[in-house]
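The transmembrane segment annotation in TrEMBL covers 77-97, 109-131, 143-165, 177-198, 241-260, 317-338. Residues or ranges marked as Zn(2+) binding site in TrEMBL: H129, H278, H282.
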Amino acid sequence: MATIVMESIGRVFISLQQIRQLPRMLTQAAPSMPGTLRDTEVPFYFRERYVHYGYRPLDQNWRYYFLSMFQRHNETINVWTHLLAFLVFLVKFHQLSETVDFVSDSHSWPLLVLVLSSLTYSALSAAAHLLGGKSELCHYCFFFLDYVGVAQYQYGSAVVHYYFAVEEGLHQRVSGIFLPVAALLSCLSCLGCCYGKYCNHSLPPWVRKVCQVVPSTLAYVWDSSPVAWRLWAWSSNDPAVVYHFGQVAFFLSCAFFFTFPVLERLLPGRCDFLGHSHQLFHVLLSCCTWCQIHGSYLDYVGRRELYQRLHRGWEAAFAVGLYVVTFGGCAAIAAVMLQKVKHVLQPQSKSK
């Protein structure tokens, strides 16, 4: 017994020693890390409107971009907001797994889809903002993956809204078509975002924004219709309604900051590191997701009699299967668009 305790203490001591060496490693790496650049020093497809400083140089080694998460640049907060959100969702998943049987209870599978899709979109978004600055091809590749993450999260939202939040009156109208339509709209959203990014060279910024916003708006309206119906029939005895109201309020707020770069437009050059609209978009979206997860959990616990009566036994498995298909469809869309990007970039690289 004493030997086991001493071995455990030794492992902890080694881990602490490694952690203590981390600042020294970063300090040693810092002199080899180039400084940030002005917007005029990077290709135009990397530039953000009204953000003048803090761009990382291209074509550095991968080590530089990974370590740049500890460097001050205009993507630092974007990376950390989603990394921290990922950790929060992971802790929430652990808490849920202590009370929810995700293996044996098929009615919990829609909640599992939402949590997994939340973890996926936050991880892919963090990777896009951290590694997408290496080259033009990496920029497209990682942000296409980001769009796949957003699209599969849209479907994950649709699943829990339809399965747990839906009222009986709406269920009678959309039963049998809600999830297939949600999957189709998620794929269209992914296509719109990828196409807008692909046409980065040829379309003005507002057209690219329309390609991203319009399909996502259609998906959100459809996916959130059960929640809107639920809020319309609000009951003071329903504890989940507060969280559903919160997720709607947070989402509308984050959609506003995603569409309109208000802060950096009012203060150009002053929000390059902290305070520009995309950072607020990340924070508000993470708050929206947390409210959504917790509200869906309360529905899972408190509305079991209703959703067991509304949904047939195979519907939860169908929702999970359709999630896999949607994820695969969005990944295929991103792969096709990436091939189109490569065809555009090849002549440019040869001319150099």
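Numbers run from 1 along the shown chain.
Glycine too: its Cβ is placed from the backbone N, Cα and C atoms.
TrEMBL does not curate its annotations; it predicts them automatically.
For the transmembrane segment (241-260), the residues of the chain that approach it from at least six positions outside its boundaries are 165, 209, 213, 217, 220, 224, 227-228, 230-231, 234-235, 277-278, 280-285, 287-289, 291-292, 294-295, 298, judged by C-beta separation under 8 angstroms. Highest Cβ contact count with the transmembrane segment (177-198) among the listed stretches 77-97, 109-131, 143-165, 317-338 falls to 143-165 (criterion: pairs under 8 Å). For the transmembrane segment (143-165), the residues of the chain that approach it from at least six positions outside its boundaries are 107, 110-111, 113-114, 116-118, 120-125, 127-128, 132, 174, 178-179, 182-183, 185-187, 189-190, 193-194, 197, 216, 219-220, 222-227, 230, 240, 244, 289, 292, 295-296, 299-300, 303, 307, 311, 315-316, 319, 322-323, 326-327, 330-331, 333-334, 337-338, judged by C-beta separation under 8 angstroms.
The Cβ of H282 (Zn(2+) binding site) lies under 8 Å from the Cβ of I77, N78, T81, H82, A85, S125, C254, each on the same chain and at least six residues away in sequence. For the transmembrane segment (317-338), same-chain residues at least 6 beyond its ends with a Cβ under 8 Å from one of its own Cβ atoms are 106, 109-110, 112-113, 117, 140-141, 144-145, 147-148, 151-152, 155-156, 159, 162-163, 179-180, 183, 186-187, 190-191, 194-195, 197-198.
Ranking the binding-site residues H129, H278 by how many Cβ atoms sit within 10 Å of each one's Cβ puts H129 at the top.
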